[in-house]
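What TrEMBL says about this protein:
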TRANSMEM  7-35  transmembrane segment
TRANSMEM  47-68  transmembrane segment
TRANSMEM  80-98  transmembrane segment
TRANSMEM  158-178  transmembrane segment
TRANSMEM  208-230  transmembrane segment
TRANSMEM  242-265  transmembrane segment
TRANSMEM  312-335  transmembrane segment
TRANSMEM  347-365  transmembrane segment
TRANSMEM  442-461  transmembrane segment
TRANSMEM  473-493  transmembrane segment
């Protein structure tokens, strides 16, 4: 099979295969837990449920192998067959994701066990069909009597979101592979990206952002552990919810202010770059510059990288999940007229989520747009123009008349003055050192903060599902589907924003 290596320019897609392996490992482990759990309760489980993990596990393994070894390949042979296979696999991942979103069997069993243990103080409602089913199968599907069954169910519940994340991530990578079929690339952007990465590694000097980000990460890990310890205890459950909301209410305003400050610095950087570029291009030969730009744009349009357009789509699309969940939480909180502290904290948390997501998306999308422009017009092109200009001057015959000699001398003096006005290299047209430093510090802090907000819900900390407000207003079955529809998108957004912020940190 004829392939060519398609190098991703964005750091997020360099890290995606590693994250995919992590999610694939958790998904395969989930299959093991599901098989063991279903075999313990085989008397009340259908044959389809028992056999489904045996079918999904080979599919996950083969798909992970395909994406790990061939996600950066551009296929140039059997293109129609390859596109058909990739699209079929992509549709399968989408169907598996929808099935995982709507499959609430394990959570229904957990809620029914809680109802049987405390039938008076339950804050959720189960449909009559589920209640009848639970009463008929209460003797066969009683998991609370076995410690092994409870452990398997707890592992099932913790690993359950990773299966949805794997399907989402694999679907995005398959889409990129589908777009790369038959694609031809050049090395012009790869060299520029490698130089940017090398400069970012050697530059150093970023301290405050990583230190504050590590502090947030350690605090988030502590909150995460305490939340999982206390949320299972009836006496400490409210304390766990308060701790969770207070941590997020303290972190999200800081992240929103950092995103706003970074956007302002970014605007200042763009204005300074435009002024410097206008000064530099006054004396350049317009014909050569226009010809080279047209050639670069033709090469770029002929080998358009699908990951560049997919970045913004994923950021906006996955942010809709958290915005949708925040909106539903606001509706539930306002409809139930919250009077306790947890309801008020949930209301504040939902509003701050919207503000933080909007400001961070503005900063990241604007930065990615500037990166795309810089890849389209890298600074090395200006040096190529100047070298061509000097070579053409050297090839011209020597002036013979006195007027031509005077004109040539005046041009040389102007070129010399212009060269002395602009510092060596292209640093004169870059932003000020402090502006670049501020952007790097903010990006480093936001990276670690988003990792914290990524890990906490990814490992099963969902107060929206457990606090009772959404269940009271929408009902358990509807609320479960809504949360499962929004939470994977939220986790995927945090993961993808980490990659985008990493790219902004490198290219700042």
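Just so you know, glycine gets a Cβ as well, placed from its N, Cα and C.
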May I ask which of the stretches 80-98, 242-265, 312-335, 347-365 has the most CB pairs under 8 A with the transmembrane segment (158-178)? 80-98
Test the contact criterion for the transmembrane segment (242-265) and the transmembrane segment (347-365): 3 or more CB pairs under 8 Å, pairs 6 or more apart in sequence, then answer yes or no. yes
Comparing 47-68, 347-365, 442-461, 473-493 for Cβ pairs under 8 Å with the transmembrane segment (312-335), the winner is 473-493
Which residues of the chain, 6 or more past the ends of the transmembrane segment (208-230), have a CB below 8 A from one of its CBs? 236-237, 239-240, 243-244, 247, 251, 440-449, 451-453, 455-456, 459-461
Tertiary contacts of the transmembrane segment (80-98) (same chain, 6+ residues out, Cβ under 8 Å): 56, 59, 63, 66, 163-164, 167-168, 170-171, 174-175, 177-178, 181, 488
